[in-house]
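Student: This is the structure I have questions about; it appears just below.
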Amino acid sequence: MEITNVMEYEKIAKEKLPKMVYDYYASGAEDQWTLQENRNAFSRILFRPRILIDVSKIDVSTTVLGFNISMPIMIAPTAMQKMAHPDGELATARATSAAGTIMTLSSWATCSVEEVASTGPGIRFFQLYVYKDRNVVIQLVKRAEEAGFKAIALTVDTPRLGRRESDIKNRFALPRGLTLKNFEGLDLGKIDKTNDSGLASYVAGQVDQSLSWKDIKWLQSITSLPILVKGVITAEDARIAVEYGAAGIIVSNHGARQLDYVPATIVALEEVVKAVEGRIPVFLDGGVRRGTDVFKALALGASGVFVGRPSLFSLAADGEAGVRKMLQMLRDEFELTMALSGCRSLREISRTHIKTDWDTPHYLSAKL
């Protein structure tokens, strides 16, 4: 069967993967309202395309933190990719490098930073949680630096693990034979097989619930790598992130896996962009499944997007080739959207190219 869009990979992955694994990747917190809303909110944003513009040449390339990449579509950190495919993060790394874009490696990966680096050249970021034992954090960051990773994506929306009910029902645990490779030798590689998500006790015991803004300064003191703050969805926190020297912000609700009933990231994006006032770049993850979604995010001020579940499902369906094709499809759709909207480069994508349901007060539109 010819795969024609990114969503089709999820159907294949659901058929191929054990229920426990598919549910772990696919589910969100509690009622999963935000999980649905991350997608639905994109569908409420409409285009205002401009016509009769020469779009015979289109450039989708961009720069992120000074690094040249082929397109504003990057790979978000997702945990334990060997549950999806035996090659796990190595396949994702190779596919991302081939596409000329950035991969963010989860610190809860089933391949180590060194193994991922060994796949060849590529621009890679390292996702980090801060643990009570700061020595663990120092070791992880140093290893990422030495392996040539270019930035730290600090996850800040997880003082505790969200309640994912399918994981509780399935008694989720890391399948036998897989380990969290970055923690080998740190006495943290084993997950307690409790009756919750299996990760909850691990996170509760190790992730530092007292994490605060001052810890960003501490992190800057142990690394020269730029720090992206991942998990900002309000203007207030965006301003503080700038004050504390964040190199960038990732507007993220953790794939709707943490606090349910937070806004879709595409809805929260513009508030954050306006608060930042162009001082640092703002990125988005959550719900991106089409090239049209990428365009909408950029029109609302994002410098680029990260995709998470599409990489997992394409990996499960067809390994490295699946991830390559997924990225190529998103790129092709995005380029087509640019052409049909009258944009030849990312610079030309503007707020005037879209209409959102918060643009015009409803009472006003009712009068027109």
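Using the three backbone atoms N, Cα and C, a Cβ is placed for every residue, glycine included.
The active site, proton acceptor annotation in Swiss-Prot covers His254, and the record cites similarity to another entry as its basis. The annotation glyoxylate binding site is assigned in Swiss-Prot to Tyr24, Tyr129, Arg164, His254, Arg257 on the grounds of similarity to another entry. Taken from Swiss-Prot, the feature FMN binding site covers 77-79, Ser106, 127-129, Thr155, Lys230, Ser252, 285-289, 308-309, and the record attributes it to similarity to another entry. Per Swiss-Prot, domain 'FMN hydroxy acid dehydrogenase' is recorded for 1-359, and the stated evidence type is sequence analysis. Taken from Swiss-Prot, the feature N-acetylmethionine covers Met1.
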Student: For His254 (active site, proton acceptor), just count the other CB atoms lying within 10 A of its CB, please.
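Tutor: Counting Cβ neighbours of His254 (active site, proton acceptor) within 10 Å gives 23.
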Student: In Å, rounded, how far does the Cα of Gly308 (FMN binding site) sit from the Cα of His254 (active site, proton acceptor)?
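Tutor: Cα of Gly308 (FMN binding site) to Cα of His254 (active site, proton acceptor) measures 10 Å after rounding.
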Student: Distance check, please: Cα of Ser252 (FMN binding site) against Cα of Tyr129 (glyoxylate binding site), rounded to an integer number of angstrom.
Tutor: 15
Student: Pop the Cα-Cα gap between Gly287 (FMN binding site) and Arg164 (glyoxylate binding site) into the table, whole Å please.
Tutor: 18
Student: Show me the subset of Met1, Tyr24, Ser106, Tyr129 whose Cα is within 10 Å of His254 (active site, proton acceptor); these are the recorded positions I mean.
Tutor: none
Student: How big is the Cα-to-Cα gap, in Å, between Arg257 (glyoxylate binding site) and Gly287 (FMN binding site)?
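Tutor: Here the two Cα atoms lie 12 Å apart.
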Student: Which whole-number value in Å describes the distance between the Cα atoms of Gly287 (FMN binding site) and Tyr129 (glyoxylate binding site)?
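Tutor: Rounded to the nearest whole number, the Cα-Cα distance is 22 Å.
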Student: Looking only at the domain 'FMN hydroxy acid dehydrogenase' (1-359), what is the mean pLDDT?
Tutor: 94
